[in-house]
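Student: Feature list, courtesy of TrEMBL:
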TRANSMEM  A:12-32  transmembrane segment
TRANSMEM  A:73-97  transmembrane segment
TRANSMEM  A:104-125  transmembrane segment
TRANSMEM  A:137-158  transmembrane segment
TRANSMEM  A:179-201  transmembrane segment
TRANSMEM  A:238-258  transmembrane segment
Amino acid sequence: MMSLTKTHKSLRYLGLGLLALLILGPFILGFWTSLMPTADIAKGILISSHLSLANYVDAVQQTAILRYLVNSLVISTLTMLAQVLFCSLGAYTFVFLKFKGRDFLFYVILATMMLPFEAEVIPNFATVRFLNLLNHYAVMVIPFLTSAFGIFMLRQAFRQIPGELKEAADIEGLNHWQFYWRVALPYARISIFTLAAYSFLESWNQYLWPMLTTFSDKFRPVQDGLRQLQSQETFNNWGMIQASAVIVVIPTLLVLFVGQHYFKNGLNEGATK
Amino acid sequence: MEAGHSVPKSQPTVKSFAKTAAKGFNVHVNDKYYAAAFLGPSLLILGVFVFYPMVRTLYLSLFLTNNVGRPTVFVGLKNYVSLLTSAAYRASLTATGFYVVGVVVLTLALGILLAQATVQKLAGIQWFRTIFSATMGVSVSVAAIFWLFIFSPSVGLLDQIAAFFHLPVINWLTDPGWAMVAIIVSTVWMNLGFTFLILFGALQMVPPTLYEAADIEGASKRYQFWHVTLPMISPTLFFTATVTLIGAFKSFGLIDLMTAGGPNNATNLMVYQVYKDAFLTGNYGMASAESIILALVIALFTLLQFKFLEKRVTY
């Protein structure tokens, strides 16, 4: 490639900088106003010199924001672990086990990927009410213990395992559980990691379902916690709302940046092969 | 395929047969017990929370229901007929269509722009890649709050900028047209992190030799983009488009937080309509019919995506 002139180079940085500003703008504004007194925000002042962490102290002391975070952490972690386990076991079945009706079952599961959860909330609400799960962690975990998408994705990953490995394991006398645990899981670790991150974020971002099924701060996850803050008397307390939003976004940003390396590899693997 | 005792996936060898024979049983005899244990939990959950509710929703959509959601009078397709002839529901479909197209087009266009901007070799480009993927870590409520402030009347950023330059003030969230723009912008922003990551991955996979050859033949950068880059990433682009599209059809959180379907039902998208009819007015039969229509639309686009996945897998 030709070497770039200095002006050319700075133009490129300028372009990149503008794009970065577009993406970061809402973060910066949210973070900045979270440090400002609400009185200043209400007056339409955006450049304030009275910056402090007071809004954060208020958010933590006056709202259940930390409780919401813990709730979401519990719900998302349980969902993630369950999906990794049940999806990988399901996927294993479709790759390494032979039994009557296997292909038919696979197509049945594939078909469920077409059915949006959003279109099924009415009977599902009746079901969890019948099972007495309303307003509990269980109501946000049990329907999502597995996912058709996860099974499909890990099936693709397990199919990459060389047949000779399975043969060798058979000769060694490994049973299916041992082969699954010692060979299949470690072999597909990038896909497993991708599914873990995906299912965690998916659960963390749930909005409609917890909104319908949880009614107390004790179990309410963050998305609906923020909705609660935003719709209650705190509505005009912009400083505190922004502080709450920042408190909520920091953990996921950290997870994203730490996990990005793995995530990117996993996604590329899925999207380009 | 033979039932119960079919041959192993890989070519059987004399050795493996000998081993099996020595053990005195066929290794696949146990498979169905393992299958029951391994697949059982998933089947149970999918059955109870995905299959049954679909059938039940279809069933309910053919009935009038009482206020606790029990079917009362069988009305056949009447719910569907009254929906499709109702101006309000058709407006909801139109709004959804407008929103989905806006979100998909803008998400893809900006996603390609961001990805294209970061494939170049520049010092510190890694930082921009990290920044561009950042909105992937933003949940729907956080995005709604950040953008609510930007769009909020008088104190919000946009109104302040307008006031500073003495421009006419726009009622972002209370004007029907602008409210739609506001939720599209917010959704696109939220989508960009994921879209960027996927498209960036695809761009990196384009063999550099293609560009070198194009350079030698004197093709302009613009020509290269349209005739090398786009065709090479088109499978990924298609994948991203369907994922974005399906996501847009399911949008609920941003709408609920930013506009609650308003003003004047201008942002009353399909899922929000289901929610209102089922959980606010208790019209479960109608809401079920709306759910089925939503499911049909999404199933159609998911099928398209499968077709593409299939192609890629055999490739």
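Placement of Cβ uses the backbone N, Cα and C atoms for every residue, glycine included.
Keep in mind that this is a model prediction, so the values were computed, not measured.
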Student: When each of A:12-32, A:104-125, A:179-201, A:238-258 is checked against the transmembrane segment (A:73-97) for Cβ pairs under 8 Å, which one has the most?
Tutor: A:179-201
Student: Return the stretch with the most CB pairs under 8 A relative to the transmembrane segment (A:137-158), choosing among A:12-32, A:104-125, A:179-201, A:238-258.
Tutor: A:179-201
Student: Give the nonlocal contacts of the transmembrane segment (A:238-258) in its own chain as ranges (CB under 8 Å, at least six residues past its ends).
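Tutor: Sequence-distant neighbours of the transmembrane segment (A:238-258): 27, 30-31, 33-38, 41-42, 54-56, 58-60, 62-63, 65-66, 68-69, 73, 197, 200-201, 204, 222, 225-226, 229-230.
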Student: Give residue numbers and ranges for long-range contacts of the transmembrane segment (A:104-125): same chain, 6 or more residues beyond its ends, CB-CB under 8 A.
Tutor: 90, 94, 143, 148-149, 151-152, 155, 208-209, 212-213
